[in-house]
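This report concerns only the one structure given below.
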Amino acid sequence: VDSCGARHNTRGEKMLVRCYRAKLSVWAALCVLVLCWFYVFPVYRVPRDKDIMEEVLRQRGIWQKNQTGIDLYRKLLTDCCNPQRMFAVTKENSPVGKVLWYDGEFYHWHTVNNKTYSLFVQDNPLDVPLKKCAVVGNSGILRHSKCGRDIDQASFIMRCNLPPLSKEYVEDVGTRTHLVTANPSIIEKRFQNLLWSRKAFVDSMKVYGSSYVYMPAFTMKPGTDPSLRAYYTLADTSSNLTMLFANPEFLSTVGKFWKGRGVHAKRLSTGLYLVSLALGLCEEVTVYGFWPFSVGLDEHPVSHHYYDNILPCKWFHAMPEEFVQLWHLHKSGTLRMRVGRCPPQEGGTLD
Ligand SMILES: *[C@@H]1O[C@H](CO)[C@@H](O)[C@H](O)[C@H]1NC(C)=O
Ligand SMILES: *[C@@H]1O[C@H](CO)[C@@H](O)[C@H](O)[C@H]1NC(C)=O
Ligand SMILES: *[C@@H]1O[C@H](CO)[C@@H](O)[C@H](O)[C@H]1NC(C)=O
């Protein structure tokens, strides 16, 4: 279940069906099937990578903040998804007995009991509205971007999926973090599900300082136990990090919001969830490291992540579709997307 700003592989799929018995019902079924197919994989509606990139090149450097757009999206997201109250599972929105429906599974739920209730934070801990937010995706486009200083100047910085922040990357991705997401699958793969030593996990989390760790504990059934173990590990070592469990209801309403706007992924990327959260909570949003294409604007190859080149599952996310949405928001001035290098800084932050 991969993350932010990643590359895609789905294109130009065609269906060839032969029908021997031309009964009416068969044709009707076929029609429905084809319609479903186009609904699920609307390949024809997404512009080609090359066209998207040409447009990005044309528009680059021109950007103006649009307060109307910012206000509009804050209102749309507040109305659909209420991020301020709902983004995390809290004692306030999930009392004992509340049924949490897993948003990534069909018909699975967790009923909040005394034990899980005690792990939830009391209330939304974020000081809303947040001022300048940076959402940092993990695309290879960040490599050599020199965006680190730019990112670190934001007042609230969100990152995806426990990305490495070691010295070699600092210049490009910065050092500060206020919220970082962690997929349960990482706990399983990188830290043996925390069933053995927990030190490696605790040590690797120090780089995030005293930020919030945002885990989708109630998205997939197998993700709940690793998430709770991660919670206890942080609690037992008196870590400065605070665990927030993503609210499945929030994730599911955000998914519907983007589905209504033409994103047909089975599941949104972590990055788009964070951008939605930022649009709902922040006065200003800048987005870094979202680039789902295998070449950059300078036609050089771009790795999948800034730290490796492992591809995500096919079909799972609809990255170019998501990118097109974000680019619309950039063009209208609702958020700012950084693609390529950040400008060198001399006091100001203008292009
Ligand atoms: C500002 O945002 C609003 C709402 O999205 C949009 O209708 C308008 O065209 C935008 N203005 C500019 C100059 O892009
Ligand atoms: C949950 O805890 C409360 C107070 O700590 C207690 O009164 C209640 O009986 C507990 N419920 C269950 C089901 O254990
Ligand atoms: C937590 O933060 C304090 C103050 O910044 C620091 O002294 C301490 O070492 C930190 N603890 C851990 C476990 O990182």
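We count from 1, first residue shown onward.
Glycine is no exception: its Cβ is also placed from the backbone N, Cα and C atoms.
Per TrEMBL, the residue from C36, C80, C81, C133 that shares a disulphide bond with C282 is C133. Residue density at C282 (disulfide bond): 25 other Cβ atoms are found within 10 A of its Cβ, drawing on all protein chains shown. Around C133 (disulfide bond), a 10 Å sphere centred on its CB holds 26 further CB atoms from the protein chains shown.
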